[in-house]
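Notes follow the structure.
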Amino acid sequence: MSSGLEQVHVSAMLPTNVPLSHLGPSALLLLQLLLPPTSAFFPNIWSLLAAPSSITHQDLTEEAALNITLQLFLEQPPSSRPPLRLKDFLGRTLLADDLFAAYFGPGSSSRRFRAALGEVSRANAAQDFLPTSKNDPDQHFDAERLGQGRTRLVGALREAVVAARAFDNTLARQRLGAALHALQDQDFYSHSNWVEMGKKQPHPHLLWPRQELGNLAQVGDHTCSDCDKLSCPGNLLGYTLLTSGYFGTLPSKPPGKCSHGGHFDQSSSQPPRGGINKDSTSPGFSPHHMLHLQAAKLALLASIQAFSLLRSRLGDRGFSRLLDITPASSLSFVLDTTGSMGEEINAAKIQARRIVEQRRGSPMEPAHYVLVPFHDPALLHTPPLSDIFVFTDASPKDAFLTNRVESLTREQRCRVTFLVTEDPSRGQGRARREVLSPLRFEPYEVVALASGGDVIFTKDQHIQDVAAIVGDSMADLVTLPLEPPVVVPGRPLVFSVDGLLQRVTVRIHGEVSSFWIRNPEGVSQGQEEGQGPLGHTRHFGQFWMVTMNDPPQTGTWEIQVTAKGNPRVRVQAQTSLDFLFYFGVPMEDGPHPGLYPLTHPVAGLQTQLLVEVTGLGSRGNPGDPLPHFSHVVFRGVPEGPELGRVPLVPKGPRERGLLAASLPPMLLSAAGPFSLELIGQDGGGRDLHRAAPQSCMVVPVLLELSGPPGILAPGSKVPLSLRIASFSGPQDLDIRTSVNSSFALTSNLSRVRLEQNESAWGRLWLEVPDSVAPDSVVTVTVTATGREASPVAPTYAFLRLLVLAPAPQDQRAAPAHSSGPFLTTASPALRPSPLVTWGRAGGGLAGNLWWGTVGGVLLLLGLASW
């Protein structure tokens, strides 16, 4: 069934007194979408289990972004293609794949754009689960804290602008998600009585800090009458004062005030009973369920206004970077700048120049170029889903960082390829006397395996030829699964080619003596260089690359490799049909059921896999049915044993490509890496296979790091909340923390012992130096490592925070330093307690490391300060 956020219609709904500079004539039609007669907006797609046929925060966020992206495309015609026509998008589903195909050309991938929207949407939904936001009335416009909520809203938008201008788009998307949440159901339009007051437009002053909200109910004003039923359509007393409902017990509800309402609101049982929220279609959740349609319309219009405001502040180029409105990957070069690296540096320069010259002005021109020295933190500078190429002639000097880098590559979904000009078989390095370990390059192998990249050993004379693969790797490549996943002597590797693939490439690396490739018709090609019957072969040192002729023969292909050691084989191809994925835990025991996102699955914790298929408009032949994926296969890494095969269940309209599956218990029984593959059929009924380019990791414990509720200012000292939970068995852990060099970080938790289903809370204190530059980003890292008695793989939490310069009245004294850890089963209240809490570790699951960012309270100096 359709979500309802589908059809674009001409309307002039923009409030005339809101000066959004980028809303031209073409935008007017984008500000009104028809919604179905029954809808709601809970956090994300998983909420549909509680409210079927509903609209979620995810729907509203993505639909608003698609509207403003269409507006941008209409106002900025493509340079080498016909301009988009508005009439082509009227009365039809608005999809990212269609927009990208129309603007950038057929087959152009919207994967990065949809990944960016996913970051915003998940940050939006996470406001219902984070310990620093889920019960904060200021974050949700509850308890008549409308002025404070507006301050949080405009503060989050300003943080998004500042982070985007600092080129930290990951942090910017997190803050944008928090701001959009305030505009949508969980906040102003669903929790206040703006809709009941008969308003047909978004609040004209909500985004403008210098303007008064006006007509606010005061402390002594009675706003609601008693209602003893689930549905309370007439419980508001008058419709002239702006109010919102109280939720729970903090703060307590004064006499005569409205409640939020619903089964989980304790205040709704105290007179006046009932409530006024419009969160869903269900009377059990929402006493004013009959008005959720109007709230959804206004929330969508307000979200489009917020996106438009960001576009006007960042400009089209900055806004496009924020949402990754490009089919091209970002490109990062990491260079060893020692004196022996002249050839490598020259090769990197040539390749960078070649890519710029070939792709300048085209859709495949990289949106970001990053160039950093060998020992700089490239993954902190590089956007997600980027390609990173490391040029070096030496083994790593900081191998102790391997696990941390491996974890970051998985979180960022970046592909790292090492081009090494030192021969790994040599016992001595260049101009060295000491004997070198034969395992000295293992950290490179670990990072490459985790990220879906390669380690390519070559010689100085070949480095420019090998570097040519940089350009080949910049295309939108998908990984094709191999069976078996690793080379087994005497056994061919098998892979399937479907009708949606182009430019199939086989890469082989190792001490190879011979190999052959055979297509479905039985035609074979060996390792001879140059053009063969199946494609063109290139060979540089221990690296072989075979590019197949287009169009490739569909069906089952085979590769046979004879080599010493453990050669690596990877098969990739170009296509727009790909997928994104993330993990989450169902949260069904609160007022806003949904899926709480996780960066990694946790051993012993029931987890869902959410898949978003991109490029579903791709068809082998016009008129063929849509391709579809039916199952997901989980495999161990690196040998590839099958750990489970689970059906994929469609969620929402089929054209959106949203699928879900439960992770099998065997996979979650212990910590360790795994890979995932999707299988199905293309439009012509042929087998369809795709593999995630990066491996995933089941981590041993849940590690959650949450930021402070206020701003991070120069000279301030702020508390951070840390939660550690075990779901699979006893864990004896060392806890380590780190932060940027100029900052000070202390913790009251250095070791913890947990039994199964136990949690521990700790407190960190971050001191910001007076000298730190405002508008800079700081990264806090927490590592949980098993002690000798219980060795487990490290678990990491990364928290990005933004340092801002607040107005003097915003600065607040930090609370007194806590002397010991504190624990709780529900929320990180500041109270001492024993080290461990008993009971279900899942209670109060919140504070995911990804979204624990600054929830800034900012006093803007007026519109001009944006």
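Glycine is no exception: its Cβ is also placed from the backbone N, Cα and C atoms.
Where the annotation comes from TrEMBL, it is an automatic prediction and has not been curated.
What TrEMBL records for this protein:
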- 96-319: domain 'VWA7 N-terminal' (DOMAIN)
- 378-459: domain 'Hemicentin-1-like von Willebrand factor A' (DOMAIN)
- 483-575: domain 'Hemicentin/VWA7 galactose-binding' (DOMAIN)
- 578-696: domain 'VWA7 beta-sandwich' (DOMAIN)
- 702-805: domain 'VWA7 Ig-like' (DOMAIN)
- 257-284: region 'Disordered' (REGION)
### Query
Mind checking how the region 'Disordered' (257-284) divides into helix, strand and coil residues in DSSP?
4 helix, 1 strand, 23 coil
### Task
Over the domain 'Hemicentin-1-like von Willebrand factor A' (378-459), work out the mean pLDDT and round it to an integer.
75
### Summary
Across the domain 'VWA7 beta-sandwich' (578-696), DSSP yields 7 helix, 61 strand, 51 coil
### Summary
Summed over the domain 'VWA7 Ig-like' (702-805), the DSSP helix, strand and coil counts are 0 helix, 62 strand, 42 coil
### Message
As a quick check of your reading of DSSP, tell me how many residues in the domain 'Hemicentin/VWA7 galactose-binding' (483-575) are helical, how many are strand and how many are coil.
### Response
0 helix, 61 strand, 32 coil
